[in-house]
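For reference, TrEMBL has these:
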type    : residues              : note
BINDING : 17-24, 85-89, 139-142 : GTP binding site
DOMAIN  : 8-277                 : domain 'Tr-type G'
Amino acid sequence: MQLNEEIQRRRTFAIISHPDAGKTTLTEKLLLYSGAIDRAGSVKGREGAGHAQSDWMEIEQERGISVTSAAMQFEYQDHVINLLDTPGHQDFSEDTYRALTAADSVVMLLDCAKGVEEQTKKLFRVARERALPIFTFVNKLDRPGREPVELIDEVEELFGLHAVPMTWPIGSGTDFKGVYVRATGQIQVFERTKAGRKARVAGEGGLDDPEIKALLTPAELQQLRDDVELMDHVLPPFDLEEFLAGRQSPLFFGSALNNFGVAEFLEEFLAMAPAPHSRPLKDGGEVAVDAPFTAFVFKVQANMNKAHRDRVAFARIVSGRFERGMDALHVRGAKSIKLNYPHMFFGRDRVIVDEAFPGDILGLINPGMFRIGDVLSAAGPLEFHAVPRFSPEQFVSVRLADPGARKGFLKGVQQIAEEGVVQVFWPRGGAPLPILGAVGRLQFDVLQHRLKTEYACPVIMEPRGFQMARWLQGGWPEPSRFWGELVEDSEGNPAILFENDWQRRTTQEKNPDLTFLDHPQ
Ligand code: GDP
């Protein structure tokens with residue numbers, strides 16, 4: 001197949017949601033359609049032998065959450081879909097945020113009873129910063145939920161995003177009858193179907209069809225007529241341009257658990273979601289998708305496979321055809337490297353790939369070479385916009401169980417920090433050990449576990465009362481005119497850790513010449 005055909009059939013996306021909205025369930029159904037897995041319950045290794053891949057860390061099993069994250073690839077109706085796995089647990093939000101830098105679109109998954117929740121808001125902001133097109137899928141329609149109009153208003157008020165219904169629910173909870181499909185004027189009837197089967201469609205003749213009259217009570221039919229009237233006359237019509245610009249969001253209703261509305265959503269998704277496209281460069285200009293091979297690393301992960309103790313760098317291909325064994329420039333290291341054993345995930349299987357295309361995610365075995373943001377290029381040295389770091393919100397000090405293990409500790413912490421698990425801050429004026437920061441607390445548990453098992457360096461962690469880090473532009477504040485703790489990050493950038501917003505504001509007021517940034521430049 002030609003390069004351009006391969007690109008046009010690809011869709012690379014992530015699901016953003018609050019924990020429990022049903023992301024795992026939805027992912028599982030999508031994989032079932034593609035045949036990438038053959039039974040429910042295989043994702044996240046909830047049962048059976050399928051979970052060997054994700055048991056690289058005991059924490060994951062102990063807490064029953066997924067801390068590994070990559071991308072899964074599957075095919076459906078001639079399309080190749082790369083679904084970026086975004087850990088649902090809020091403590092892993094920094095990884096989740098970063099996955100969005102590799103996505104071309106996102107699906108915002110809402111629980112119909114809860115609407116927009118905290119984690120959804122945070123993730124939405126990142127998707128918006130990248131101007132990603134956003135689909136909205138309202139889940140759990142088989143349970144009582146909020147009025148659809150209320151959800152539409154909420155999305156608009158919070159995000160300034162116009163949600164435009166593509167389908168519309170009829171009834172809710174135990175009275176849920178199905179969804180009205182605006183494009184066809186038909187009804188998808190809610191019945192519990194086996195995985196992979198489509199819902200029954202009724203009402204070829206529109207709302208006056210006898211089939212529909214038999215299905216709905218007169219009150220339900222009247223309500224539906226009113227709702228259709230509202231959609232057609234009050235809400236803006238769907239506009240693909242507005243969607244691609246991130247201003248409109250096509251809205252779908254369904255129930256992932258009951259496999260209702262999922263296939264229909266997937267088909268609409270494939271038709272509307274953008275294929276991989278050019279990516280802007282840091283110094284202006286952009287890389288076109290059909291340029292020679294380029295890719296950037298958005299995630300580094302250690303020891304996914306206990307037997308191998310390897311580190312994997314996940315790189316999103318931006319342009320060109322990738323072929324196994326090809327040479328590419330590692331731009332930061334200014335060195336040409338041979339890409340020999342890249343792998344991808346298909347469902348739960350990890351396989352070596354021979355070729356790959358823009359939008360695909362390569363897992364590169366990494367002997368300590370790759371960092372987040374690194375670029376691989378067969379098109380000469382170039383840099384994409386930086387993969388953002390997020391300001392930590394939790395901080396700890398560490399003590400070593402064995403004070404003689406300082407060297408091993410520093411090496412371990414540096415390596416793990418390069419993967420983006422934690423951030424390292426050195427108190428100004430000298431200290432034997434750094435303060436560590438993370439977006440979520442669970443990241444410290446991961447660090448602690450890995451220091452012990454991989455670097456034989458058990459540590460004791462003590463929470464610190466800081467709530468935020470701000471990086472300084474313009475030097476250090478005047479002595480005795482600041483609150484908080486002066487630190488340098490691992491690159492030597494000056495920063496301050498603050499215990500609260502009052503400290504930050506007051507320090508800013510007393511040092512008007514300094515600029516405070518919430519991530520390093
Ligand atoms: P995640 O945390 O977003 O990955 O959510 P899960 O997929 O693990 O789902 C959370 C809970 O909601 C599980 O108990 C699911 O079985 C349940 N769930 C998911 N989708 C639906 C749905 O459509 N209807 C109902 N009633 N429950 C659902």
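Any Cβ shown, glycine's included, is placed from N, Cα and C.
Feature annotations (TrEMBL) mapped to structure.
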residue	record	DSSP class
Ser17	GTP binding site	strand
Lys23	GTP binding site	helix
Thr86	GTP binding site	coil
Leu141	GTP binding site	coil
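Checking the binding-site residues Ser17, Lys23, Thr86, Leu141 against ligand 1, the ones with a C-beta less than 6 Å from an atom of that molecule are Ser17, Lys23. The 10 Å shell around the Cβ of Asp20 (GTP binding site) contains 13 further Cβ atoms across the protein chains shown. In sequence order, Cys112, Pro169, Ser172, Phe176, Val179, Phe190, Phe253, Gly254, Ser255, Phe260, Gly261 make up the list of same-chain residues 6 or more apart from Leu141 (GTP binding site) whose Cβ falls under 8 Å from its Cβ. Around Lys23 (GTP binding site), taking its Cβ as the centre, 25 other Cβ atoms fall within 10 Å, counting all chains.
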